[in-house]
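Lifted from TrEMBL, the feature list:
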TRANSMEM  36-55  transmembrane segment
TRANSMEM  83-107  transmembrane segment
TRANSMEM  136-156  transmembrane segment
TRANSMEM  177-198  transmembrane segment
TRANSMEM  218-238  transmembrane segment
TRANSMEM  250-280  transmembrane segment
DOMAIN    289-395  domain 'FAD-binding FR-type'
TRANSMEM  517-539  transmembrane segment
TRANSMEM  560-581  transmembrane segment
REGION    592-626  region 'Disordered'
COMPBIAS  600-613  compositional bias 'Low complexity'
Amino acid sequence: MVWLMSSTNIFYLHWMPRVHAETNFTFIGAQGQNTLIFTFPIIFIAVMACLYLHLGKKLGDHGISKGGSMFDRWKRPVLIKGALGIVTWTELTFLLMFIALLCWSIYSYLHAMFAPIRQEAAAEGLKVWEVKLSSLGLTLGLVGNICLAFIFFPVTRGSSVLQLVGLTSESSIKYHMWLGHMAMTLFTLHGLCFITFWTETKQLSKMLKWDDLLVSNVAGEIALTAGLVMWATSFTCIRRKMFELFFYTHYLYIVFVVFYVFHVGFSSACTILPGFYLFAIDRFLRLLQSQQKVCLVSARVLPCRAVELNFSKSPGLKYNPTSSMFINIPSISKLQWHPFSVTSSSKLEPDRISVMIKGDGHWTNKLHQKLSSTSPRTTHLKASIEGPYGPASPDFMRHDTLVMVSGGSGITPFISIIREILSQSNTKTVKTPKLLLICAFKHCVDLTILDLILPVPESANAAPLDFSCAELRIEAFVTRDKEMKPEDESSSQIQTLWFRQNGTDSPVAAALGSNSWIWLGAIISGSFVIYLVLIGLATQYYIYPIDGNTNMRFSTPAKAALNILSICVAVVVTATVGFLWNNRRSSSQTTPVLNRAIPAPTTTSPATLLSGGDSESAEEVESQPRNAIRQATTVHLGKRPNMNRILLEVEGESVGVLASGPKKMRQRVANYCQSSIADNLHFHSISFAW
């Protein structure tokens, strides 16, 4: 509502003067009105969302409803191919509404500015079209602020606002990309309009003007340059081929935001403050978490150039399937952080958290090579993590049947789902959905990935799994190999490595402990209060004696710098206190890992999938879960899955269809779920490609 009205004369000539009269105190100055209108409501919503999520976490999964929902049709895909990717009806509706808001704002601003255009042109001695060009440039900048106000929400990984509406940062990355393209288009046109205006009116010297009281043009040019560099490296052709260039240039967002604030002044920047403020808190908490070295307990090295890393975890850390976490291994690269899907279940493995990494790039290949040549009883591998991040609740549990379609390493999020449902089916506390895993691999040796469905032996404290409690069926398709080769069987050994522990290692734990949502709400509210107190004191005793709330004496960039400094101090102090307090509590409640016995390294065969089940070793006979995996699996050599036929045969009133893997595969699945004959199918896309 505020953004809808902010471009109208009613807002500027009637509402704002009233708010200004009530908030123009010496304590915070003229920026109080924008703080009250644009910043405070979002901060309040974020804090209330933390409370709501905390209560939902305490209630557990009991609030998950079975069956369909009246909103399920809005979640069906409507756009499948194109630049936007797979888009649902809900996403398309909100996108069109947002574009309509931008168009309305442009029209409303220009309508108000063009009304007295001839009088202004005559008064300034300019041509009418030149004044119109200047007004257009100003309008484009103001409308660009709307995009900028939302751009940081999707990349706030631990956002309570995203979780409140059922989103995760991973699924929201595309919204950040859409907003980024729109914002930079508007800001670029904003800059070009003013450069053209200054050129035509012989005022190019204004490009070098740094005004201490009004708009600083130099600061705007620096911000725009930083934005253009980020924008240029974010296009798909550059981002995927030179990811590190894209990743490191995106740190220019700091330069962009700082000089943007210097350009417009902090009072105007309050319109974009909420999103950036919540992002800053999340980013600093991630920085604190990433400084800890975590305990890597074991690794499974698969013959298909994939590895599974198993970290020690605090029992208080709970997460949901399809979560992901960022990993840094200094011995491979001190700067590179890579996201990977979590394959473990916090219910099945209370003291472990695992990820699977496929050797498809330079970093992942170096990791596989390092582990393949490792002497397991003497090696200690340092690692740091950020996360895990994932959905607030396991939404897939409401379906009668789950169909999981994967290609290659896209199977990783489904391993966590299978482990979660296996755990819950063994407890028999809730009814679990039937599971159908359709996985496609290039070569027979890739079938060894299916062995990761079971956790590392001795890694879980739970009782042995009873597979008869869960209805699991696996259809594995090998697309390039039409027959089993002898070398596939001879090279299909899975090596399990156990690592020595270091006294400085810590189990993976939530940055803010088991009550993370309450602590996050306290940090958001506490830091905001501290910021208001700090800037209030600075205004009362330093700014006001000079400026007197006129905004015409005290330097605008200096005032912006004081606000930025106050925010940094408030965020750093509150986040550090919250992190250290919870870190100390977590350390006192966690069993030390240093003196645990290290099992001997082992080499095992996969669950006889490669041999077609013709031979059974003593190990296989003794391992009922591994035999159950083998019996539940059907291997199809030299074939691709016929998704239309498979999905048509799936029975159930509510069938969740999850697709993870290559873009074309997800599009084929989405295309079928879009059809009118698939009313009982509810499509969910899991994408690793940005």
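Each residue, glycine too, has its Cβ placed from N, Cα and C.
Since we're looking at a predicted model, the values are computed, not measured.
Using the rule of three or more Cβ pairs under 8 Å, pairs at least 6 apart in sequence, the transmembrane segment (136-156) is not in contact with the transmembrane segment (560-581). The stretch in 36-55, 83-107, 250-280, 517-539 that contributes the largest number of Cβ pairs under 8 Å to the transmembrane segment (177-198) is 83-107. Below 8 A, the CB atoms of the transmembrane segment (36-55) and the transmembrane segment (517-539) form 3+ pairs separated by six or more positions in the chain. Beyond the ends of the transmembrane segment (517-539), by six or more residues, the same chain brings 26-29, 43, 46-47, 50-51, 53-54, 57, 158, 160, 277-278, 281, 285, 562-563, 566-567, 569-571, 573-575, 578, 582 to within a C-beta distance below 8 angstroms of the stretch. Residue counts for the domain 'FAD-binding FR-type' (289-395) by DSSP state, with H, G and I taken as helix and E and B as strand, are 14 helix, 39 strand, 54 coil.
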